[in-house]
Amino acid sequence: MKLAYWMYAGPAHIGTLRVASSFRNVHAIMHAPLGDDHFNVMRSMLERERDFTPVTASVVDRHVLARGSRDKVVNNISRKDEEQRPDLIVLTPTCTSSILQEDLQNFVDRASFYSDSDVILADVNHYRVNELQASDKTLEQIVRHYLDRARKEGISNRSLTDAPSANIIGISTSGFHNQHDCRELKRLLGEPGVSINQVIPEGEFLENLKNLPRAWFNIVPYREMGLMAATLLEKEYGMPHISTTPIGILNIADFIAQIGKPVNLWAFVLLEKELNYDLYVENQTKFVSQAAWFSKSIDCQNLAGKEAAVSGDATHAASITKILVREMGIRVSCSGTYCKHDAEWFNEQVQGLCDEILITEDHTEIGDTIARIEPSAIFGTQMERHIGKRIDIPCGVISSPVHIQNFPPGYRPFLGYEGTNQISDLIYNSFNLGMEDHLSDVFGGHDTKGVNTKSLSTDRRDIDWAPEAESEPKRIPGFVRGKIKKNTEIFAKRNNISEITVDVMYAAKERLSP
């Protein structure tokens, strides 16, 4: 647990609630003080759903602190059981209520006597894990619970489907473009003849979890949620899983090739034939995805020599880095992720593709790094977009956390061949091209640039700019102002100058010019 005024990944209970509210007919009880119960509003806003979020807050107030929480929590569970008849009620504390050190498992055991619904306590250490880790753990816990029950009751179905099929694990509510990605992933699998057995947790009933082992293999599109459940299924039922994310032309080709391995393993036995997906990949690359053609066009070649900085969750940051470098020829000065728990995998994926790897949850460190390298464009989260606005660098949003405008009603997948088109548009439109900035200065308008004289980090020594010095760069084309400002400040720091005047600017120009 960390006290902070900004977090890339939310607290653990948010991850648990995302999983619980993704399943159908599952209700969550959040044992929390007022202030921790914002999930309902956040989910309703982002998902634009007409139904109420199936989460109830069992509020910890002064009366609870005086008498204890057991009766209130048990009564809330019993009430929701009677009112909504869910298949499962998940009880989760928050970081704040965990400080009370109450025996919540005892509350769950007691409530189970009065409830027809199943009742479980989220098995998550709220002090040590974040939203992403908690969602992964909660999904694995629910899958394990119902598969173990089915096995004990003798209703587990382990017979494979007649045709090749897959489970998609990790599509959830409030995920970055998850609904669009799921639709595209179904198309990507369906066209080569792989049907979908189940998609979990989004929109699935718990009673169907017993059929998970019927699929030929599992797909985990995002490393942040689903790996633990896929590992469980592989260990307990021998089901292989594919964790390569099909983002970008090259990754999709690798993804399809990996599908061929488990499919042909069983196809030879059950269908007495072997399937080849090479022609499918070739046709999709040539005629469906425009990204392969675009990467060879003069428009994309104009991006050669541009520099970019990438930051986001491990899945998207690594994928976008590969697309920029391998498919579009753009130099990545820095690639980073806030998923510190997945640092080893991330390092392996981007090693050799960028000048610098940054793994941190500190947004000020990320901001200072971006300000130092001054890339032509940033690809990151909503925080990197804010950073970009402060230092006048465009940013394309490629990962959570995001604002509501990055939950578009229109079809905007990142996965699959249609996703390659969307990403190509995003990358191309995120750069300021040619004389765009200079023309804005020439013709005027609301977007004429000023000079940013603020530092991103609060612990760095600021240098003041005299009023006449601030107005001087307006005579300079916009696309070089940032470089001149940086060089001037470097000169001032080296010479212990606290205020930059016009004379200092010209002195810096003479000293630093080649």
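The backbone N, Cα and C atoms fix where each Cβ goes, and this holds for glycine too.
Automated prediction, rather than curation, is the source of TrEMBL annotations.
Taken straight from TrEMBL:
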- Asp299: active site, proton donor (ACT_SITE)
- Asp36: [4Fe-4S] cluster binding site (BINDING)
- Gly434, Met435: substrate binding site (BINDING)
- 12-431: domain 'Nitrogenase/oxidoreductase component 1' (DOMAIN)
**Prompt:** How many other Cβ atoms are found within 10 Å of the Cβ atom of the residue listed as '[4Fe-4S] cluster binding site', counting all protein chains shown?
**Reply:** 20
**Prompt:** In sequence order, what residues of the same chain, 6+ apart, have a Cβ less than 8 Å from the Cβ of Asp299 (active site, proton donor)?
**Reply:** Tyr428
**Message:** For the domain 'Nitrogenase/oxidoreductase component 1' (12-431), report the average pLDDT of the model, please.
**Reply:** 90
